[in-house]
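Lifted from TrEMBL, the feature list:
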BINDING   Q110, K126, E147, A230, A231, L232, L233, E304, D319  ATP binding site
BINDING   E147, D319  Mn(2+) binding site
DOMAIN    194-403  domain 'FAM20 C-terminal'
ACT_SITE  D299  active site
Amino acid sequence: SKLMALFEHPLYNIPIPEVTEKDKLFVVNPMEKFSLRSSGSDEWVSSSKAETLLLTGKTTYDTYPAWLKFHVGINRYELYPRQDPLMPTLLQDLAMQRIVSSVQKSGGTQLKLIMTFPNYGQALFKPMKQTRDQETPIDFFYFSDFERHNAEIAAFHLDRILDFRRIPPVSGRLVNITKEIRDITTDKKLAKTFFTSPAGNVCFYGECSYYCSTEHALCGKPDRLEGSMAALLPDKTLAKRRSWRSPWRRSYHKSKKAEWELNPNYCAQVRETPPYDRGHRLLDLIDMTVLDFLMGNMDRHHYETFEKFGNDTFLLHLDNGRGFGTHSRDEPSILAPLRQCCSIKKSTYLRLQLLATQPYRLSDLLREALATDPLAPVLAEPHLRALDRRLGKVLEVVGRCLAR
């Protein structure tokens, strides 16, 4: 396994700083019982009294469902550890756990559902909108593109291979529209949008600002539909997150350009603006830029951080559905932060160089990682080959910066 060899490489075993109590998102007494309750959100509360040890000799923590262990494990430095024994269980839960509730997620431009499991874990379901081999039409603006379920799955694995570990776990899943959405939804608005197509397939379209109409309905075969299931982060009432506008955000306008597209010295003013004027925030943003360029994702207008950790923490790489839309062309403008700032973390640069070598070829690693997903093959081969080409271009940009 190339993947196992990669994770054993010294560059993937650089220790993170010691995690103190204040570096943990939640400080948990392993003896303390958590009561889970369904309240329309993934809410969980600590009971006031610590429980005695369970008869089996296990602590109460051992009985937590995988999603709760994932939440409890989040710290200032990483969303989940490199060698995470929990990950296979969590991915399996996303793919296999019985769905007891399906409601539409409010907000956003396209249809997404929140699925709840019997153990009160929740996942964000993005349904399949186009086939693996369909490329985004060249005349589409980036902001009118579809969100792709397979891009969410591939982005999680790519983020892990790059050793960023800033995307919550995602698994593919084949969902029964009738039994796992229509028959159990309590969402009246969603329920009104189900119909049977002339071909006899069960369809629905929900309510949203784009692509929620009968012309853009999501249809099963006859009621089976592919989608991505992403583990939700802790409820915002328990762990506040802060949303940051990206300095390299696009104009989201058909003809206007953003300031960074017009000013070649734009990075100089970013470097003087908090929170980019100190710490590693700018370097973290450039990590995200590299991830986006490899995926071809132009839609990174905001990012989030956990409020508890202030400015000294990682960025969450959420919402990656507009990646992997094209393989036949690259979008150099995505690399603007790297090109304009000429800065990159040494550890990131060394890993990128490693992933360009034959034993650890990036396309081979992602192919291997995606082979275990229930919806494999997740990406068409040309997308995997494009990764190696794009990685070469990232290294070229860094090379030019070093020469300069």
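Placed from the backbone N, Cα and C atoms, the Cβ positions cover glycine too.
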Rounded Cα distance in angstrom between D319 (ATP binding site) and D299 (active site) is 9
Could you list the residues of the same chain, at least six apart in sequence, whose Cβ is under 8 A from the Cβ of Q110 (ATP binding site)?
-> K129, F146, E147, C208, Y210, Y211, C212, G321
Taking the Cα atoms as reference points, how far is D299 (active site) from L233 (ATP binding site) in Å?
-> 21
Can you check which residues sit near A231 (ATP binding site), meaning Cβ under 8 Å from its Cβ, same chain, 6 or more apart in sequence, and list them in order?
-> W67, F70, L90, L94, G121, A123, P168, P169, V170
Any idea what the model's mean pLDDT is for the domain 'FAM20 C-terminal' (194-403)?
-> 95
Counting other Cβ atoms within 10 Å of each Cβ, which of the recorded positions E147, D299, D319 scores lowest?
-> D299
Greatest CA-CA distance (Å) over the residues Q110, K126, E147, A230, A231, L232, L233, E304, D319 that the record ties to ATP?
-> 20
